[in-house]
Amino acid sequence: MNYTDFLKMIPEAVLTAILVITFICDFASARQTERKWMNPLVSVMFAALTVVCLLPMAPVHAFGDMYVTSSAVNVIKAILAFGSLIVVLQSRSWAEASGKEGEFYMLLTSTLLGMFVMVSAGNFLMFFLGLEMASVPLATMVAFDMKRNESAEGAAKFILTATFSSGVMLYGISFIYGACGTLYFDDVRHTLMTVIASGDLTKVFLPVMGLVFFFSGLGFKISLVPFHFWTADTYQGAPTTVTGYLSVISKGAAAFTLLSILFNVFTPMDRYWHVLLMIVVVLSITVANLFAIRQGELKRFMAFSSISQAGYIMLAAIGDKWPTSVSALSYYILVYVVANMAVFSIISVVEQNNGGKTDIDDYNGFYQTNPKLSFLMTLAMFSLGGIPPFAGMFSKFFVFMAGVDGSDIHTTMGAWSYAVVFIALLNTVISLYYYLKIVKAMYIKHNDNPLPTFNSDNNTKFALALCTTGILLFGICSYVYDWISMAA
Amino acid sequence: MFDYAFLILLLPFLSFLLLGLLGMKMPKKVAGIIGTCVLAVLFGLSLYTAYHYFFYTGEYEAMKETFHVVNGRLDGGQGVYPTVTVFNFTWLRFTELLTFNIGFRLTPISVMMLIVITTVSFMVHIYSFGYMAERDENYKAEGYEKGFQRFYAFLSLFTMSMLGLVVATNIFQMYLFWELVGVCSYLLIGFYYPKHAAVHASKKAFIVTRFADLFFLIGILFFSFYVGTFNYDMNVTPGLTEKLTAIAANPALQWVLPTALFLMFIGGAGKSAMFPLHIWLPDAMEGPTPVSALIHAATMVVAGVYQVASLLPIYIQFHATEQLHWIAYIAAFTAFYAAAVACAQRDIKRGLAFSTISQIAYMLVALGVCTSLEGEGSLGYMASMFHLFTHAMFKALLFLCSGAIIVIIGSNFKDYMGGLHKYMPITNICFLIGTIAISGFWPLAGFFSKDEIVDACFNFAPALGWFMTLVSGMTAFYMFRLYYVIFWGQSYYELDPEHRRRPQEVPFVMWGPLVLLAIISCVAGWIPFGHFVSLNGLPEEIALQHFEFGSTAWFSLLAATIGFGLATWMYAGKKQPVADALERTFPKLHKAALNRFYIDDAWQFFTHKIVFGCFSIPIAWFDRHVIDGTFNFLAWGTNEAGESIRPWQSGDVRQYAVWFITGTVALTLVLLCLV
């Protein structure tokens, strides 16, 4: 084993350094007052991490192809780091109130480290290690508000289903190993090529089982229907900051990994996973929309919204071309990060000032007392719903475009992919309806006792400013998309 | 060398954002000063750009292309002015060829437009200090005074949009900014929104021009679909000429270019108020007068002319000359029609508005009579652009003068004026200069530019030349009529001096710009315009400037003199027996002219009775009952479905696991069976 390979893992090295520094600082400062600068420190370190990920880096092959990166991987790492920065920024007041901020930042950093390993894995085992490294601390984060029953309940459900899904996924991976005799991505691809080319159904059976079981495991992470059931309970129970983190960062990393493995490992089986994706995407978008319509609790509502958004994210993978698909997906994740984090930051602020209640009805008349926050919330909702000229409209557009890119409408598969995109398009109307319900509550519904006016702390303001800038500019400035598609 | 050019678009946009977002928090003066200072900088930048573009000697680089120029011209000072693309950034990419760019391009006419826009806009910004302050005073009584900051914010936005339009590198960018100026026009016409008339006028302007713009968009789509690009400048787009030639040579596609160009022209006709789409412009006078001067006289309304001029090489080279001549006929009729209506208007601003329509029609006539890229057939292009330039100056002057009068009198109607020469001497002189200039008397600006147009018409068809000469006589008549009824004749104030406000001269911030514009109107005709702007790019001489008056010049001078004489005879005195007698003799004709020959009513009939009655009402019924019903049913169904699947989400983890594994197995089976 060549130890100098460690030096090539620059983002992971930086993350590990952050972890160690946070640990030492937390250890050294025992009293609450000494930990005041903890959040600024971690924020600065995450900003540094984002910058490091943005630096141009050559593709790396390390540890005998266990660890593989490409420029697309670097882009998604930068997006994840940026999203985590926003999460860290807006978590300040909640983390300080909990009195365990050091612990929280360490857990967050280690999940991110797991995700980084996962997106740059070159072997199924490495991938699985990364996934679990991200997943176990996440459960702890969900249970972070120990005194709240919902938090514990959410964590329990999360860890139970996560274990279950990991089991199913490992089972799938073992099928793949059985079929191919290897777990290296490149070798699996080569072997599958001959297996599929043989056209022998008995031989195809094993890899197909492997594909679906593996897919289910990641589908759980991305919360695609029918693997989504944990989402609502866990999102509702988890502390709002953690919900935000779950809904964007964890989901984004898993979605990217799924796309990349489908395109680069299961390449010969593209007919199979295209059908699989079409079914799951249509189900996710439609079912989640139907659930979201009837929700009265905002965090639960956002959970269903995030399931439907996951469907849109995976829509990018229906296309045939890797560059358009991966750039549409990464761009969608980036835009989703800013819009969703804006919503969760606002929910978090409101929750802290409202005794922990997050019903949609609590927002009635919100505009009268907090016009600026209402306005930001409206922008974020518009972006999520895909109203032009906000970034969400552009990201949806690119995803739709990627969905039909390269498919010929005269072939059966091509026609189906057009149909799926069309169904997704129809569903945006439904999603618009329920996103605008929030806006309606804030602006139009009358309330004699709206929430009092409150001021959020400077960190949250900064995080919200970042999100707003993103919502307004990521779409209109084509540089952002160009940058992403250049890397693909 | 032109690297700073992005500032020309950025500065007014920033000023718009600043004034729009924070304007209400700053004092009026500060907002006005910010807006005006930005415009001063823009004015300076434009002059600087023009100076460098037309007179630079040496070499410079833009977009990695090097230009060797002597006195601004290529080929050692003998060639044409270069087409300089300062920047051209790709905003959206549809295909390799079809991209949507936002850029900045300098050509002789776009540089000229930069000068026109920034000059007039700068003057209007200064003038508005006085005007809006006075106006706000007047409106206080109606419980309405806010808006000074808003006004400057909109002016900045308008300036940005208009500049973006003229420097467009492709037809789609032009369209984008075209719509933006439409929005600004809408916002500014309806500026006094508590006034019903203003709201109606702004809606009318927006709907009519939007209706016309629809054709512009369709034209663009035709063009881009068949040509595969939004670019229209053949000098700088490699392959465009070949592509267009191929389309023009293909019998099956010959219709494409003429159709696309004419559809685009309909958009231009809407903006430039050509008959029968002119109906919005007179009503647009409900906006503040400085706005009328800037948008509805000098800049926005000539966008249609600018568009046709930009596309003129395509019209001429690719068999669309017939469409071009149709433009000329439509415009000639408009010129006559508007002049006839202007003779009977009682509202001085409406009179000026019809005069604007008539003058813009002159410019389009001049473009329409172009038949070739060089020689006599190309004279119209230069004449049109020259008239655009001079007209912008003297029409802005006339409008600003009328604004000064309106502020002092408090009304638009001529009945409340008369005899003002004693009380407003500076305005009187300035208005007189504007009147002489527009009537086309030597040696003021209008003479040179308009007689070039008439000359071009004579070259094309003598009948058209005579017709335009007649219209120029009418121009002199209605303008001097307006002048006399405002400044001479019976004074309204003197009829009852004790109860009426005594007119007085306007403050310096208002008459300063007037004097400047008056000076420009006097000397602009002597600019060797053909040297800078011509269709083939090579210098052209304007014979009139060398005292070589051809017969046409004498004819139109004669026509103008007759018009002037008639106006003097009829309107100069305190009583106007001749005019009154004529009005009594031809009551129907007078009434028809006053009512703009009922074109508005014809449109009203067409839209209300025919469009609404025959199409809209049935469609509305269908929409309300069938379509809404379907969607209400769908919404109800969706809601019910949402309700009925609720139990799935039970909160029971064991059940989740069952769903999970069922889903996985089901998917596997589906894959194995189906694929």
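Using N, Cα and C of the backbone, Cβ positions are placed for all residues, glycine too.
What you see is a predicted model, and the numbers here were worked out from it, not measured in a lab.
Taken from TrEMBL as is:
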- B:91-139: domain 'NADH-Ubiquinone oxidoreductase (complex I) chain 5 N-terminal' (DOMAIN)
- B:168-472: domain 'NADH:quinone oxidoreductase/Mrp antiporter transmembrane' (DOMAIN)
- B:6-23: transmembrane segment (TRANSMEM)
- B:30-54: transmembrane segment (TRANSMEM)
- B:109-130: transmembrane segment (TRANSMEM)
- B:175-193: transmembrane segment (TRANSMEM)
- B:252-270: transmembrane segment (TRANSMEM)
- B:291-318: transmembrane segment (TRANSMEM)
- B:351-369: transmembrane segment (TRANSMEM)
- B:389-411: transmembrane segment (TRANSMEM)
- B:423-444: transmembrane segment (TRANSMEM)
- B:508-529: transmembrane segment (TRANSMEM)
- B:549-572: transmembrane segment (TRANSMEM)
- B:605-622: transmembrane segment (TRANSMEM)
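Long-range contacts of the transmembrane segment (B:423-444) within its own chain (CB-CB distance under 8 A, at least 6 residues past either end) are made by residues 355, 359, 390-391, 394-395, 397-398, 401-402, 404-405, 408, 450-451, 472, 475-476, 479-480, 482-483, 486-487, 493, 502-506, 511, 514-515, 517-518, 521-522, 525-526, 556-557, 560, 563-564. In the predicted structure, the domain 'NADH-Ubiquinone oxidoreductase (complex I) chain 5 N-terminal' (B:91-139) carries a mean pLDDT of 83. Here the transmembrane segment (B:109-130) touches the transmembrane segment (B:508-529). Their Cβ atoms form 3 or more pairs under 8 Å, with each pair 6 or more residues apart.
Counting residue by residue with DSSP, the domain 'NADH-Ubiquinone oxidoreductase (complex I) chain 5 N-terminal' (B:91-139) contains 32 helix, 11 strand, 6 coil.
Between the transmembrane segment (B:508-529) and the transmembrane segment (B:605-622), fewer than three CB pairs separated by 6 or more residues in sequence fall under 8 Å, so the two stretches do not touch.
Within its own chain, the transmembrane segment (B:30-54) is flanked in space by residues 1-2, 4-5, 7-8, 11-12, 14-15, 18-19, 23, 71-72, 81, 84, 106, 108, 111-112, 114-115, 117-119, 121-122, 125-126, 128-129, 132, 148-149, 152-153, 155-156, 159, 163, 532, which lie at least six positions past its ends and keep a Cβ under 8 Å from the stretch.
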